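Chemist: Quick one: the structure is below, questions incoming.
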Protein chains: 2
Amino acid sequence: MNTIINPSKKDWTKILERPTKTVDDIEGIVNEVFIDIQQNGDTAVAKYTVKFDGVSLENTIVSGEEIKEAINLVSNDLKEAINVAKENITKFHAAQKTKKVFVETTNGVECWQEKRPISKVGLYIPGGTAPLFSTVLMLAIPAQIAGCKEVVLCSPPNKEGKIHPAILYAANLCGVTKIIKVGGIQAIAGFTFGTETTPQVYKIFGPGNQFVTVAKQIATKHGVAIDMPAGPSELLVVADDSANASFVASDLLSQAEHGADSQVILVSTSEKLITEVEKEIKLQLAQLSRVEIAQKAIDNSKSIFVKNDEIALDLINEYGPEHFIVCTNNNDFYVDNIENAGSVFIGNYTPESAGDYASGTNHTLPTNGFSKSYSGVNLDSFTKSITFQKISKEGIKSIGKSIELMAAAEGLDAHKNAVSIRLKDLK
Amino acid sequence: MNTIINPSKKDWTKILERPTKTVDDIEGIVNEVFIDIQQNGDTAVAKYTVKFDGVSLENTIVSGEEIKEAINLVSNDLKEAINVAKENITKFHAAQKTKKVFVETTNGVECWQEKRPISKVGLYIPGGTAPLFSTVLMLAIPAQIAGCKEVVLCSPPNKEGKIHPAILYAANLCGVTKIIKVGGIQAIAGFTFGTETTPQVYKIFGPGNQFVTVAKQIATKHGVAIDMPAGPSELLVVADDSANASFVASDLLSQAEHGADSQVILVSTSEKLITEVEKEIKLQLAQLSRVEIAQKAIDNSKSIFVKNDEIALDLINEYGPEHFIVCTNNNDFYVDNIENAGSVFIGNYTPESAGDYASGTNHTLPTNGFSKSYSGVNLDSFTKSITFQKISKEGIKSIGKSIELMAAAEGLDAHKNAVSIRLKDLK
């Protein structure tokens, strides 16, 4: 890690700069796949599955048989663990339900706001070495609680034409209505336009590589919403002498193993702790299976010493970390005043991986500083609010004149007339 | 209007197609302005203000003096009307505040969700013939209730270098912290990168022409969030013999006067009503100041006769109107079952223009079918939710094993180790 002592505020932007990727060069490929799938549906999907996943499938819809097989393949221990996680995630997301907001703003003018589920949602789960069944839980559980009618999951097939059993097990457990063996750009294009097998959806959720990220951006141009813009995962830890250096090191490493471009930052008011954590990182790093990836991420990462908690907080709000661990003598100060963060982990016994799997909070969080304006995925991500108003004769008599005056001042005659014609009728 | 009788479901997509605009050709201009402003700040902004607005300004920040002048220029009647609207909008949006969601998901595992304001927001208010001070209310009031620290408003200057007094009056009334005389692409680019006078913001709100719409899309590529994608305004009315045909006609026309590309649809189970409404439209149209615009929009619009309320509802959910007026013998059926709409207006005395100005609901709503996945602007649009978790020694002992198992199954060793190291410590 690169240690920086008391940086001056004007250098913060530079210091906090994230590893950037340019995506312009892959937009061409993505657009090409999109157009092909829009025009040729499943035929085109099959072509790209051969090309990108190296497998040719007769049927891409996961059958009941395959799900049964998957259920048998997942160990009882892992099933039990998934059930614990499911229970906690369900409790936390069900608690996020909100009641109808009802206000009679003026006598006879009733206004209310209700949340209704997004009818059709698409969940994308990447393939590759790590089968992200935890992401299935994080997306399918709130979709089910929200009441989404169609919850479609796409995930790429492996060379044997299969999806990892843990993914199928979790999807089946959490009420996914359809599972399709298709990955990458072609999955996102399928969600966007609909094909013979993939239904068109209104919103797409889930992580993915650069191609998936760009495909999701392109999907928005075609009128489909997405959960949030994606970037490499990040962790910022603020810790002082009250923190356990080996715990802090383990948390920084758990973030670093995600990818060489993962961003890991330690902010501290204790130079002693910084030294200890760096020592611990070296010790622990050697023992990890993904040591090379983690080493690269750590090499690009920073330990920042600052004089006091106020400066630390300022710097953290400027950065807006996806994951934010607070381990100090002054935790409440940070918790009360943090403005920009995806999820906050408090105290020595709250590792970030708890939130990744089983505490109950969602692990789909805003990266790349998007915590300044975006929420992580939560129950509301699967709903939209609709407003309603019902005005009585008395109500329109009360507010009618104001509407007429404002519409006239904006030069919108017909808006005014819609009120005048009613007021005249009531005379 | 074009009348369509009992269309078959397979033709709905075609019938409900919206007037589309291609925006690709103006992306070039927008990108050019963005790069220039990113590199040259206010100097570039000034150049484009001369070019696009035809005026050269020494100072673009609206002064206290100018605000005083504006307050004097707005009539007392209009001030009173704006105050009525402000009161209702405030009541309805303040009622949308939500409490912290707190759940102890497992003994010793405390999770909570809190909403915090987006610190810096930019509001864009178009210039042109209609001074949209009502939009100032719709954006600045919830921003203030949410507690956004910086609320910056940009609006283009007229040839005299001024902003319409009603806009300044409303902005000042609703706690806008800075008002800048800059419009179009250059305003959105300023919000995106920051200049010497325009602060960089985290989220941009507000309507605008095609250039502003594309500029907002480009802003998202640079990491700034936007309220929602924009499209031409729309109204769908479902009405039967219980509706007043002249009221319905006035509502359709109030939508039609927005622009020639506005979309107006009447759905009815009564052919008699359709005939009456069309007659009324002809009568009322002749008397409007914006008759040419409204006529063009009406020419492109549709009256659709369907056999029953179930079919009507299906068709309406397929369309997902921005504004939805319900005037039938069966209002509850529509209100209870509508899935996709921005805002719903119920009964004979609830004109759409009530929601545009003064009922209390927000008038910034999803167009173009985006009501299938987007909410209209509401209090939450100015906040983001952050999740927190605090796990005790007992808590990590309870869920630790599940986390270890899941992390191992996903091949993420360091994630597992962050838990193992703590469990070991607790033995």
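A Cβ is built for glycine as well, from the same backbone N, Cα and C atoms used for every other residue.
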Chemist: Based on TrEMBL, name the residue from B:Asp299, B:Asp309, B:Asp356, B:Asp380 that is recorded for the same substrate site as B:Ser233, B:Gln255, B:His258, B:His323, B:Glu410, B:His415.
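Modeler: Site partner of B:Ser233, B:Gln255, B:His258, B:His323, B:Glu410, B:His415 for substrate, according to TrEMBL: B:Asp356.
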Chemist: My list of binding-site residues is B:Tyr124, B:Asn209, B:Ser233, B:His323, B:Glu410; which of them have a Cβ under 8 Å from any chain A Cβ, in sequence order?
Modeler: B:Glu410
Chemist: So for B:His415 (substrate binding site), how many other CB atoms are inside 10 Å of its CB?
Modeler: 29
Chemist: To which of the binding-site residues B:Gln186, B:Asn209, B:Ser233, B:Gln255 does the lowest count of other Cβ atoms within 10 Å belong?
Modeler: B:Asn209
Chemist: So what sits near B:His258 (substrate binding site) in its own chain, CB-to-CB under 8 Å and at least six residues off in sequence?
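Modeler: Sequence-distant Cβ neighbours: B:Pro232, B:Ser233, B:Ile293, B:Ala297.
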Chemist: For B:Gln255 (substrate binding site) and B:Asn209 (NAD(+) binding site), what Cα-Cα distance in Å is obtained after rounding to a whole number?
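Modeler: Roughly 17 Å, rounded to the nearest whole number.
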Chemist: In angstrom units, rounded to an integer, how far apart are the Cα atoms of B:His415 (substrate binding site) and B:Asn209 (NAD(+) binding site)?
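Modeler: Cα-Cα, rounded: 49 Å.
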Chemist: Just report the maximum Cα pair distance in Å for the recorded NAD(+) binders B:Tyr124, B:Gln186, B:Asn209, no decimals.
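Modeler: The NAD(+)-binding residues span at most 13 Å between Cα atoms.
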Chemist: Specify the nearest of the recorded positions B:Glu322, B:His323, B:Asp356, B:Glu410 to B:Tyr124 (NAD(+) binding site), where nearness means the distance between Cα atoms.
Modeler: B:Asp356
Chemist: To the nearest whole angstrom, state the Cα distance for the pair B:His323 (substrate binding site) and B:Asn209 (NAD(+) binding site).
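Modeler: Approximately 20 Å lies between the Cα of B:His323 (substrate binding site) and that of B:Asn209 (NAD(+) binding site).
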